[in-house]
Amino acid sequence: MENKVDFFEQLRKLPTSCISDALDMLGINGGCELIRPLTQGMALVGPAFTLQYEQVKEGEKAPAGEFIDEVPAGSVVVIANGGRYCTVWGDLLTIAAKQKGIKGTVIDGCCRDATSIIQMNYPIFTKGTYMKSGKNRVKLVGKQIPVRIGNTIVHPGDVICADDSGVIVIPQEVLPEVVEKALAVEIMEQQIIRDLREGISMKDARERHNYNNFALLLNK
Amino acid sequence: MENKVDFFEQLRKLPTSCISDALDMLGINGGCELIRPLTQGMALVGPAFTLQYEQVKEGEKAPAGEFIDEVPAGSVVVIANGGRYCTVWGDLLTIAAKQKGIKGTVIDGCCRDATSIIQMNYPIFTKGTYMKSGKNRVKLVGKQIPVRIGNTIVHPGDVICADDSGVIVIPQEVLPEVVEKALAVEIMEQQIIRDLREGISMKDARERHNYNNFALLLNK
Amino acid sequence: MENKVDFFEQLRKLPTSCISDALDMLGINGGCELIRPLTQGMALVGPAFTLQYEQVKEGEKAPAGEFIDEVPAGSVVVIANGGRYCTVWGDLLTIAAKQKGIKGTVIDGCCRDATSIIQMNYPIFTKGTYMKSGKNRVKLVGKQIPVRIGNTIVHPGDVICADDSGVIVIPQEVLPEVVEKALAVEIMEQQIIRDLREGISMKDARERHNYNNFALLLNK
């Protein structure tokens, strides 16, 4: 588990595109479509703490979900709300999350209190913003179970990485391989950038550094 | 009517989430789905001046809508254009609106001249931006009538509140009740925030301040 | 062709809304729906260098598209990827494009490496961001052929203009007419703005400067 923290350190320096390329090499599609940063410049890395919400029945009462006290420091809260247009995150949860050292929140759905959350600079990745509460509209039905975010299944402890391009999920069982491959991609791309800056053509730079066959090269 | 101005003052200090919770207590759903600020940080409060647009018939000519000279200072212009992808607001209307002391504009549709409107810092909430004029595409068919914005009906004089989370509509007949309840929600949430900052758990803080039964408490 | 450069200079000072009005006068609809700036404040003008992508067959391998070395300085790269949710542009292409003096990129689809591209301040207009590579998902099947971006066909050499309101395309055969008409619209609107600032009503200002019949006036 010590290693995991080192992996997180390395992932924090990598764009989601390199991580995605590493997942592609393993045939894993970890992207979460249509989930975007609440505002520009947000980024996060950490293990998922997952939550499943469901719609309530007509007239059923449902309080706000109780979970934040259980989330360990360093985690990323991952809320599966089926893209519903009511909110499962706001400023109270944000303040609690910051107090606890939680790294950020990913929602297949909406958050509210966008103005104050942006001021607090807490990383949220979500389908959008709205102000209607989820209270009495949806209910928390599962904690730390596999959930779907966009088109990807997230298991508790899977590693969530996000930046301005979006959110990607690394299954925890392939974490060491993915970090190794993503670092190799990043180094190869830095070499291409150096070549481009020296006036070498893209075609030549890609060939010199095996851009198109890099996966094969790594798997040798 | 003097009171109304005081209510507006109070609403300006409240996030749309508290206003939405107050409307929820009354069983009113005032949210306008998918209407977003033109850029981050925009907010407005004021009574609606409503406008209804319709598509023109094939080949029908239609000039730009004439309405801005009739809009009273302090109003919010609310334009129902059925989410159509042509524009009913641009920089000329923005300059006129600022001259007149109009508070902002909400559009179920698009606006253009986004670059200069953002520079002028005039609050616009809209489905998106585009550059194609509504001229000869849509026509103004009604002023100061009930209109639909997103999924909510707006009557002339209803109070529009908007921030980074989106746009919400307070029917004017419930304005005093909504302001009272929204302020109570805000005060209760500030108490929870104080508790959280002192290290009290979310569960305990919510219980101490009746977070989940606050509506019942207020209605006692 | 010298003239073209002068036209580009003039277009750079005009908002896309004036250009769109000029195209409307000629019955041409050049708008590209749902294509937005990667971040606020991006703008570009230049002739299109067009690229057509297609989905690969199940299991088909496809390398990254080779084209950037062929794009002339001053061009705008226009990539038709059918709005697909995989990326055909990232930071390597951005660095190459900046080295070469390319003006920007328009994508009916997604780009990745949003964080670093925003830092480089390179103008990209796109449907959204994602991190999954187009490699082995889509392939480049045509260069410098007519392509569709949103709802508009772009021919190689057509002039692309974009700002915060979106992307518009001027067919190159009408470039002189469009620039002339767009400048006339801009001057007329500046006159209305001056009137509004002097307290003249919108109705009067529009009438004085023939706002609603400006197309007829120009075509006299």
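Cβ coordinates are placed from backbone N, Cα and C, and glycine is handled just like the others.
Per TrEMBL, the feature substrate binding site maps to A:Gly90, A:Asp91, A:Leu92, A:Leu93, A:Arg112. Under the DSSP three-state reduction, A:Gly90 (substrate binding site) is assigned to coil, being neither helix nor strand.
Taken from TrEMBL, the feature Mg(2+) binding site covers A:Asp113. When secondary structure is read from DSSP and collapsed to three states, A:Asp113 (Mg(2+) binding site) falls in the coil class. Around the Cβ of A:Asp113 (Mg(2+) binding site), 27 further Cβ atoms fall within 10 Å across all displayed protein chains.
A:Asp113 (Mg(2+) binding site) is 6 Å away from A:Asp91 (substrate binding site) when you measure Cα to Cα.
A:Gly90 (substrate binding site) and A:Asp113 (Mg(2+) binding site) have their C-alpha atoms 5 Å apart, to the nearest angstrom. Between the C-alpha atoms of A:Leu92 (substrate binding site) and A:Asp113 (Mg(2+) binding site), the distance comes to 9 Å. Summary for the binding-site residues A:Leu92, A:Leu93: the Cβ-based neighbour count within 10 Å is maximal at A:Leu93.
Distance noted between the C-alpha atoms of A:Leu93 (substrate binding site) and A:Asp113 (Mg(2+) binding site) is 10 Å. Cβ neighbour count for A:Gly90 (substrate binding site): 23 (other Cβ atoms within 10 Å of its Cβ, all protein chains included). Here the binding residues for substrate are A:Gly90, A:Asp91, A:Leu92, A:Leu93, A:Arg112. Their largest Cα to Cα distance works out to 11 Å.
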